[in-house]
Structures are given as C-alpha cells and as structure tokens.
Amino acid sequence: MNSLFPVMVGGAVGAGARHLVGQAMLARFGPGFPWWTLSVNIVGSLAMGLLIGLLARSGTGGETTRLFVGVGMLGGFTTFSSFSMEFWLLFERGQSVQAGLYVVASVVGALLACGAGMILIRQLPA
C-alpha cells in the first residue's frame, strides 16, 4: 500500500494536466488533428527522460519520486490509448497521409524527446 499512494496521487495530477493541455490545444488548433495527444506524449517522454537522467545521476534510487512522477504523473499525463484511437479516426476519415504522419511524429518525437531529456541531464555539471 505504501507504493500505491504516490502512484494514485501522481496519476490524478498527470490526468488533470493532460485534460488542461487538451483543452488549451483544442481551443488553439481545433479538432482537425490530435495535437493534444501528440504534444502530451512528446512532452511526457521528455519529462521521463529528464526524470530517468536525474534519478541515475543522484544514485539514491528515488523510489518514491519514480513512483509519483514516472508511474503516476507521467502515466496519467501521456496516453497510448488516445494515440491509437486518434490514428484510427484519422484513417477512417480518409486522412491516411495525416494518420501515417501522426504515427511517425508521435513515435519518433517521443523517442527523441526521451533521449534528449537523458542527454540534457548528463550535460549538467555534477
């Protein structure tokens, strides 16, 4: 039970943040393309890379931080199920090029963002 609480609280914070980002992106760009999911998944991947880099650098493990931020907040903030659904919505609307670009941008963007976060932390002075 000790590990469940930080995950639950972090998940609530992350899900709330995702909702706010989604509302802002929808108001800014409209519903034509799932910019909200693309942005939260890339930003969340960058944050995960930063977190992993910081935890590795600290050498203390930071189990509670990992549970709260990595599993809870970032698990609630990013969303693979929405990514999957939005791909199929684009595809079914006949927007196969946009659907393909969405997959590439999401996967490549998230991988690059996570790696960038880890590299950024490694560049900081000890």
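Any Cβ shown, glycine's included, is placed from N, Cα and C.
Given the structure is predicted, the values throughout are model-derived calculations rather than measurements.
Quick look at what Swiss-Prot annotates:
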type	residues	note
TRANSMEM	35-55	transmembrane segment
TRANSMEM	71-91	transmembrane segment
BINDING	G75, T78	Na(+) binding site
TRANSMEM	101-121	transmembrane segment
#### Entry: Around the Cβ of G75 (Na(+) binding site), the count of other Cβ atoms that are within 10 Å
18
### Query
If you draw a 10 Å sphere on the Cβ of T78 (Na(+) binding site), how many other Cβ atoms land inside?
21
